[in-house]
Amino acid sequence: MIEDDKDKLAFSLMNTTEAEPRLPMKIFLFWFIGAFFYLYQSVLKVMPSVIAQDLTVDLNIAATSLGALGGIYFLAYASLQLPIGVLLDRFGVRRLMSFSIALCATGALLFSFSSNFYFALGARFVIGMGSSGAFIGAIKLVTMWFPTRLVPVFTGLTVFVGSMGSVIGNKPMALLLRHITWREASQIVAFIGFGLAVICFIFLRNNTAQQNRIRNFKDLLDGFKQVVKSPQILLIAFFAFFIYLPLSVLADMWGNLFIQRAYGLSRTQASECIQMIYFGVAFGAPAFGLIASIYTNYRLIFRIITVSQIPIMASIIWFQLPNILALQTTCFLLGILLGGQALKFNAAFAHASSAVSASIVGFVNMLCMLGGFVFQQLIGILLDVFWDGSMQDGHIFYTADTFSKALSIHIFALAICFFLTYYIRNKEHEVDEELD
């Protein structure tokens, strides 16, 4: 059992010659377990896009049903963010994260045995439920064990690891599927999850000094009121609702097909361009985290990443870039800026007690995921509204112009984000603030 408080942890990180060298290593292990869970759920999140053709054949479903398999994940994920955050603040990470990982693995195993659309839909819902504890649990570990000045850095590193999960779930998964079926791949992913759940339960530890501050559900309710009654946290949550749009819409759902239509690329080439967004996020998240640990003006950082995205998104959506190298480079730059949006959690931490950090992440992430669910569906509606009647082989064909019109909502969302930054206030985070 680790009994050292945050001050000793901070000292040990700065001066390992005078502190026990094994102590920081255990803390890094705790963080890595949480971050690896985030990577694991990222693989599960993007897997349907890789096996889409297999699913349409094996389950005899059309594109609408295929889209529902992706959307149900976001719905389950978002709906459980607040409960998971509250439970993490009450009971700690060890039991909740172990259960969440096991739930993800169970959903993946059930998914591999899907014989019809509704069984697969239920399995994806279970995966979404389990995944709801991934990022929020990883960030709870960061705020629980690391000194405040390192929280932005390890938040960024957590996003980096999760982004690698999205990369692994795309092209490497496609290469694996050349040798095995999608059902076998899902079973392999499931058994990896069960192993991770066991590792999590054995090695993970709660910070009892922080956990004991929330003694009962009245204290928990008081802490939760700090979150929902804070105008600044509400503002940051709505900022998150809009700023996540390029990732949830362009990277996770519609970007591949849009790039094929607009740039005349193959599916594999389009996937490589989308992967460059995630590589950019993997680089940008820790980089902006490091910047924020030195220069804590979140409002200015949010303004920079928001206003810089507007010309980049416009160049991708409205103006055809000259070649694939230019497109990949632009996607990478977009990803770097999108990495900075992870600081929305750190900005929110500054306006409530660190004892309710999981509730803060849960609330902000709930709005973030709801944005993904809403805008994925909205783009689909807009595509139908702007559809010009084009058909190909007897099926509806959405042209590049149709996509450009529908995806223009990105520009309006970023403009709203920039407007919201004028009302976001910076505030020094008070470490170990007691609940009233």
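Just so you know, glycine gets a Cβ as well, placed from its N, Cα and C.
Automated prediction, rather than curation, is the source of TrEMBL annotations.
What TrEMBL says about this one:
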TRANSMEM  23-41  transmembrane segment
DOMAIN    27-425  domain 'Major facilitator superfamily (MFS) profile'
TRANSMEM  61-80  transmembrane segment
TRANSMEM  92-111  transmembrane segment
TRANSMEM  117-138  transmembrane segment
TRANSMEM  150-168  transmembrane segment
TRANSMEM  188-205  transmembrane segment
TRANSMEM  233-254  transmembrane segment
TRANSMEM  274-295  transmembrane segment
TRANSMEM  300-319  transmembrane segment
TRANSMEM  325-343  transmembrane segment
TRANSMEM  355-383  transmembrane segment
TRANSMEM  403-424  transmembrane segment
Take the C-beta pairs under 8 A between the transmembrane segment (117-138) and each of 274-295, 300-319, 325-343, 355-383. Which stretch has the highest count? 355-383
Which sequence positions outside the transmembrane segment (23-41), separated from its termini by at least 6 residues, show Cβ-Cβ distances below 8 Å to it? 2, 4, 9, 12-13, 16, 93, 97, 100-101, 104, 127, 130-131, 133-135, 137-138, 140-142, 145-146, 154, 157-158, 161-162, 164-165, 168, 189, 192-193, 196, 199-200, 203-205
Answer with yes or no whether the transmembrane segment (233-254) touches the transmembrane segment (355-383) by the criterion of at least three Cβ pairs under 8 A, sequence separation 6 or more. yes
For the transmembrane segment (150-168) and the transmembrane segment (325-343), does the number of C-beta pairs under 8 Å, pairs 6 or more apart in sequence, reach 3 or more? yes
Within-chain partners of the transmembrane segment (188-205) [C-beta distance under 8 Å, separation at least 6 from its ends]: 1-2, 26, 29-30, 33-34, 36-37, 40, 43-44, 47, 93-95, 97-99, 101-102, 104-106, 108-109, 112, 141, 180
Intrachain residues whose Cβ lies under 8 Å of the transmembrane segment (325-343), provided they are six or more past its termini: 152, 155-156, 158-160, 163, 240, 243-244, 246-247, 259, 263, 272-274, 276-289, 292, 298, 301-302, 304-305, 308-309, 312-313, 315-316
Quick test of the contact rule: Cβ under 8 Å, at least six residues beyond the ends. What residues does that give for the transmembrane segment (274-295)? 149-160, 163-164, 166-167, 170-171, 246-247, 250-251, 255-256, 259, 301, 305, 328-329, 331-340, 342-343, 346
